[in-house]
Amino acid sequence: MFAPLLKKLFGSKNEREVKRMLKTVQIVNAFEEQMVALSDEQLRAKTEEFKARIAKGETLDQLLPEAFAVAREAGKRVMGMRHFDVQLIGGMTLHEGQIAEMRTGEGKTLVGTLAVYLNALSGKGVHVVTVNDYLARRDANWMRPLYEFLGLTVGIVTPFQPPEEKRAAYAADITYGTNNEYGFDYLRDNMAFSMDDKFQRELNFAVIDEVDSILIDEARTPLIISGQAEDSSKLYTEINRLIPKLEQHIEEVEGEVTKPGHFTVDEKTRQVELNEAGHQFIEEMLTEVGLLAEGESLYSAHNLGLLTHVYAGLRAHKLFNRNVEYIVADGQVLLVDEHTGRTMPGRRLSEGLHQAIEAKENLNIQAESQTLASTTFQNYFRLYNKLSGMTGTADTEAFEFHQIYNLAVMVIPPNKPLARKDFNDLVYLTAEEKYAAIVTDIKACIAENRPVLVGTATIETSEHMSNLLKQEGIDHKVLNAKFHEKEAEIIAQAGRPGALTIATNMAGRGTDILLGGNWEVEVANLEDPTPEQIAQIKADWQKRHQQVIEAGGLHVIASERHESRRIDNQLRGRAGRQGDTGSSRFYLSLEDSLMRIFASDRVKNFMKALGMQSGEAIEHRMVTNAIEKAQRKVEGRNFDIRKQLLEFDDVANEQRKVIYHMRNTLLAAENIGETIADFREEVLNNLISQHIPPQSLPEQWNVAGLEAALNTDFAVKLPVQQWLDEDDNLHEDSLREKIMAQLLVAYNEKEDQASAEALRSFEKQILLRVLDDLWKDHLSTMDHLRHGIHLRGYAQKNPKQEYKRESFTLFQELLDSIKRDTIRVLSHVQVRREDPEEEEARLRQEAEELASRMQFEHAPAPGIDQPLLDEEGGEAPVAVASEPVRNDQKLGRNELCWCGSGKKFKHCHGQIN
């Protein structure tokens, strides 16, 4: 009740932060005169001066005003652009590890240079993260002259880059790349066979462009490096022939089942579910074609894989539509990013779904894959010591940024006030009426020489709009995943008078639409343009620019609402950049996906009450509120899915960190002889305890079993029973010592046959191999556990607690297996004398061959095809995210282990250090 009054008296938190930063802005401005007086060499020398001051103990915060002044002056000299005061505030926001929300056209790329320059002075590296390779190259090459003028190096990481080139890019002061490439390189580094093969340094500071797209939209898609598994293409083809015979069961409408069938489709949760009739029908068909034995059930343990194939086929046919979720090009299924409309070449859906789509489209079916390494963007980006980001739309997701990443959102004031007019939504009864109204609006704008941008949610809609406009004889350009090669050219001219552009999800395109067109692109298209030609192009552009402004600026038309208000705001933001005039209007119908699934009943009843006729539209605040409520509902559900993904992946992430730490320690070690000796002792102790239980009577001892186990695990035949018969004083402990002594003799003989150096190298490579193979199998087991764990909710058990408990047990078994299998291999193998460098080179070559067979996948997020369950079946509590700026404290050996086992650290995960 007092909140509005307090806000009025003291201002909002955002306003108070802006006021605080304005004081620092004044200090930066005070340095400007001093910087202007410096020569280029003196200004460049400031970088080395700052580095020296940091070495003496000065902090980046203390350097900030002067460093920002240097970056601003360098921007003026090199690029002809001076940072505005509000851009300085944006730079401070990024440096403090926050998210800067800045409107389209406010110069986010230039803002980033301030925080990037300051943090690069530490020498620990800065990663600039973009949503695609084009923007990474464009921004790096655009800002490279500025950074190099200041004495800093710039690198770009791209897919399929030569290793040395990529290593050099990561070693640079500033590195540009995509979120996917950084994430996959992190996974690749943790599959390397040598420290020299790794790419990334310590993850120090990241500035994420379009941060909402990367940390929110893509958080549901785990990153997976996979290798090929067994070929089951024939099975997919057979299943694909059966799926069309299944009929969809239409749920009750006004008390009646309109169409009984075999399965239901839930569009809200994007799930398909076979009913009882469906299970019986599919079992009969599978039996007929010989895929299921007579009398067998699909739910038998050995048939669950077949059931997975059936569900993959159902999802491929009913949830994945051509030209919406994917396109077919060059005989391949290319996934379409639902948020940007771009294709994602090389990315494949996991769990057999991609193969099912290939079978549906009668394409060549590629082999299934097995996970070799995986992570999520949520957990990858939380590895950075400091994280920040910038976008035009973050405030609607401020709660999630804080909950998951502990990142605050700072709304940066615009340099010029917004002049765009946002009209109320127009809602029609049918899609046909809606499209007719859009065409009418387009004609009116073109008659006034206004440029128009039509935003669509799918490729299908963009092509439908294009066909309607062709019928009307209206000239236009189409920008979607099919024609993305022409993207830059289309965007450059989208602001010309009377230009009409249809775009699938403009979000993340990274290019501003300039009123009057882009004169710089026109100049770039000329070969050796003369000063006179450039002057003429500028003059022509100025006339067009003024003409468009007088006509009312860019008009944005949206053909439907997106699930996220943020994507809608991004589309609106294409008009009215930097104080330009402009307008936006959303056209909707009750047949739109969002309206049909979430908002149609309430709006339809309202429209009926008004007695609306065909062709009429409703424009009312109540309708807009109902739509926004529907969007908030979808956003809330998507947040729950992302939160659940994080909660489950946090369990795997702790295990991942332990394994990767173990691996890195192993790679860095010159000699792991002591580690192998510890493994041998532990494996032997466990083996003896299994056959000779502690404090047991000799009558309870299984000596024959122990002899057989020693032969299996250690490749030695020891007469244990004979020793016991010959020596009555031999007890459990002394027997243990005698066996260990014999094992050491056998192992030392192996060392004599080769050499100490060769055996040490071999131990390291064997442990790496065993660790990688078992970790790969563990990931597969964890996947199976996670995908079935939600069923525990029906047994009144908490799925998350069950997952944590069982995954901990699996991890304990993994650690034991690593030790046991390593010792078993080392005991059985015959080591010949081989140059360690040759052995390492051979292993590296094998690793490169493996890498060439790897696939990089986006898995369907857990939760999309499974219900969100906790112990009550309700909403789960939000996982509290760890701090993005952190200083890890080392756990004491006698403290309780972090994993929750209740054991001391030295007796649990401390054993592997």
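Think of each number as a place in line: the chain as shown, counted from 1.
Each residue, glycine too, has its Cβ placed from N, Cα and C.
So that you can see what the record holds, here are the features copied from Swiss-Prot:
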- Gln87, Gly105, Glu106, Gly107, Lys108, Thr109, Asp512: ATP binding site (BINDING)
- Cys897, Cys899, Cys908, His909: Zn(2+) binding site (BINDING)
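Structure with Swiss-Prot features highlighted.
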{"residue": "Gln87", "record": "ATP binding site", "Cβ within 10 Å": "27"}
{"residue": "Gly105", "record": "ATP binding site", "Cβ within 10 Å": "20"}
{"residue": "Glu106", "record": "ATP binding site", "Cβ within 10 Å": "23"}
{"residue": "Gly107", "record": "ATP binding site", "Cβ within 10 Å": "18"}
{"residue": "Lys108", "record": "ATP binding site", "Cβ within 10 Å": "25"}
{"residue": "Thr109", "record": "ATP binding site", "Cβ within 10 Å": "16"}
{"residue": "Asp512", "record": "ATP binding site", "Cβ within 10 Å": "18"}
Practice prompt. Starting from the ATP site formed by Gln87, Gly105, Glu106, Gly107, Lys108, Thr109, Asp512, give every other residue of that chain whose CB sits within 8 Å of the mean position of their CB atoms, in sequence order.
Written response: Met102, Thr104, Leu110, Val111
Worksheet, complete the sentence: Reduced DSSP state (H/G/I helix, E/B strand, rest coil) at Lys108 (ATP binding site) is helix
Item to complete: State, in Å as a whole number, the widest CA to CA span among the ATP-binding residues Gln87, Gly105, Glu106, Gly107, Lys108, Thr109, Asp512 given in the record.
Response: 17
Worksheet item: For Gln87 (ATP binding site), what is the secondary structure state per DSSP, taken as helix, strand or coil?
Response: helix
